[in-house]
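What TrEMBL says about this one:
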- 32-440: domain 'Major facilitator superfamily (MFS) profile' (DOMAIN)
- 33-57: transmembrane segment (TRANSMEM)
- 69-88: transmembrane segment (TRANSMEM)
- 100-118: transmembrane segment (TRANSMEM)
- 130-150: transmembrane segment (TRANSMEM)
- 162-184: transmembrane segment (TRANSMEM)
- 204-224: transmembrane segment (TRANSMEM)
- 245-269: transmembrane segment (TRANSMEM)
- 289-312: transmembrane segment (TRANSMEM)
- 324-344: transmembrane segment (TRANSMEM)
- 378-396: transmembrane segment (TRANSMEM)
- 417-439: transmembrane segment (TRANSMEM)
Amino acid sequence: MTGSIGSTVDKKKESEMSAGRILNEKQTDWKSMWICIFLQFIVGVQISVYYMSMWPYLSGLDKTADVDFLGWIVAACSIGCTISNPIYGYWNQKTMSVKWPAITGFLIAAVGQVWYGLLTVTTNIKWLMLLARFLTGLGVGNIAVLRVYAATASTPKDRMRAISFGTGGFVLGISFGPVISAVFTPLGAHGLRIGFLVFNMYTVVAYLMALICFVSCIVVYYLFEESYAGIVTKEEKENDDLVVPMFDIPGAIICIYLFMIVNIIATNVEVMSTPLTTVLYDWKDSDSILYNGITLALSCIVSVIFHVILGTSRIGKIDKRNQMLIGIFVFLLYQLFMYPWGFYSGPLNFLPEGVETTEAGGCYSEYLWCHETTRVPLFMYLFCFIVFFGVAFPFVETPSAALYSEVLGPRKQGTMQGFFSLGGSIAPVIASISSTFVFL
């Protein structure tokens with residue numbers, strides 16, 4: 001009996017060593033990998049571009065909408081992603097194709113973005129906005145196949161770099177999206193009308209996003225070539241008598257959980273930044289979008305720097321579990337310093353009667369908590385947003401994604417990476433609905 005167990009263990013080790021030898025003989029196709037990284041950036045932009053401008057756009061078009069409904073609109077994109085992530089992952093698992101799931105997703109997202117831009121010529125605005133964001137979410141769920149490619153098209157020695165840069169691209173997109181909205185604020189809420197179309201600070205961004213989706217489809221179709229250097233093929237298994245062992249299920253679940261947590265925090269910070277700074281610092285809507293966009297851009301620069309560091313330096317070789325502990329600790333510091341402690345100044349100011357946040361900042365009369373809430377110092381808000389948020393994110397998301405890929409092993413990962421992306425999509429649903437509910 002003991003001899004049988006020992007023989008089984010030895011065979012497992014031999015299989016792992018043989019698989020490692022096969023993979024180390026392959027080369028990562030960095031041309032296609034860089035395209036994959038670029039596409040993850042585009043997906044991030046499509047998801048976050050309206051985070052800071054959505055509330056002013058919605059409240060200006062539909063007076064029946066409130067902050068609570070805003071939470072559902074933000075969640076709609078994530079709900080769409082949650083539904084489509086496993087579908088795209090399964091599609092890849094069965095066909096080993098990234099090209100067609102990616103193109104399909106970008107086309108669906110383009111329709112959702114055009115729909116969002118045309119809200120100025122419709123009625124029932126809040127419900128149509130919710131459907132537009134849901135449709136966009138169904139499209140950008142193609143992030144699942146892009147993550148699959150980063151994990152399975154890179155060799156073991158390149159995997160941390162590929163996943164780090166891919167995650168960095170996505171995070172850069174998430175952070176850069178609101179910056180794009182901020183760039184178009186000079187157009188104003190009224191903008192220019194040509195026929196029935198309105199081109200203002202909100203709609204021009206939507207049409208630009210649709211154009212970017214179409215360009216992405218062209219890039220994928222003509223320039224992207226799939227090459228899976230990180231998995232052992234069926235033929236290689238037969239030739240070397242390999243058996244890829246079952247992956248560690250608890251380890252995979254923990255990676256998904258940590259990925260969810262970091263996305264919950266990110267969504268809370270980004271979605272609530274505009275209404276929060278409106279009440280904290282009396283910024284009107286356009287100022288909140290602009291200033292938070294600049295702040296998020298700086299935070300994005302910090303994140304990208306650390307993603308590059310993790311992918312190219314010895315810091316990235318630190319035990320991935322320790323990297324995640326560092327990131328979680330910095331996130332805790334963010335929450336600690338952003339808490340409205342009693343020794344901060346307060347209470348908050350209220351809007352004058354009949355004045356909207358398009359004209360001035362402050363609390364609405366129904367925000368009773370403003371009577372007893374203190375104001376986090378502006379310097380503290382900016383420092384936490386830029387430094388703590390910028391540093392913590394890459395130290396959790398990148399190693400969790402890389403570790404998850406390693407846990408799964410050198411096999412097809414389409415379905416399981418779909419579940420990983422699903423975890424990241426459920427998180428914003430939870431965060432956006434809960435944070436806007438608490439804000440009221």
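Each Cβ is built from the backbone N, Cα and C atoms, and glycine gets one as well.
Between the transmembrane segment (289-312) and the transmembrane segment (130-150) there are fewer than 3 Cβ pairs closer than 8 Å, counting only residues 6 or more apart in sequence, so the two stretches are not in contact. Only residues 6 or more beyond the boundaries of the transmembrane segment (204-224), in the same chain, are considered here, and those with a CB under 8 A from a CB of the stretch are 32, 35-36, 38-39, 42, 45-46, 49-50, 53, 98-99, 102-103, 106-107, 109-111, 113-114, 116-117, 139, 180-181, 184, 187, 191. Taken together, the residues of the domain 'Major facilitator superfamily (MFS) profile' (32-440) have an average pLDDT of 85. Recorded stretches compared: 33-57, 69-88, 100-118, 245-269, 324-344; the one with the most Cβ pairs under 8 Å to the transmembrane segment (130-150) is 69-88.
When Cβ distances are compared across the two stretches, the transmembrane segment (378-396) makes no contact with the transmembrane segment (33-57), since fewer than 3 pairs at least 6 residues apart fall below 8 angstroms.
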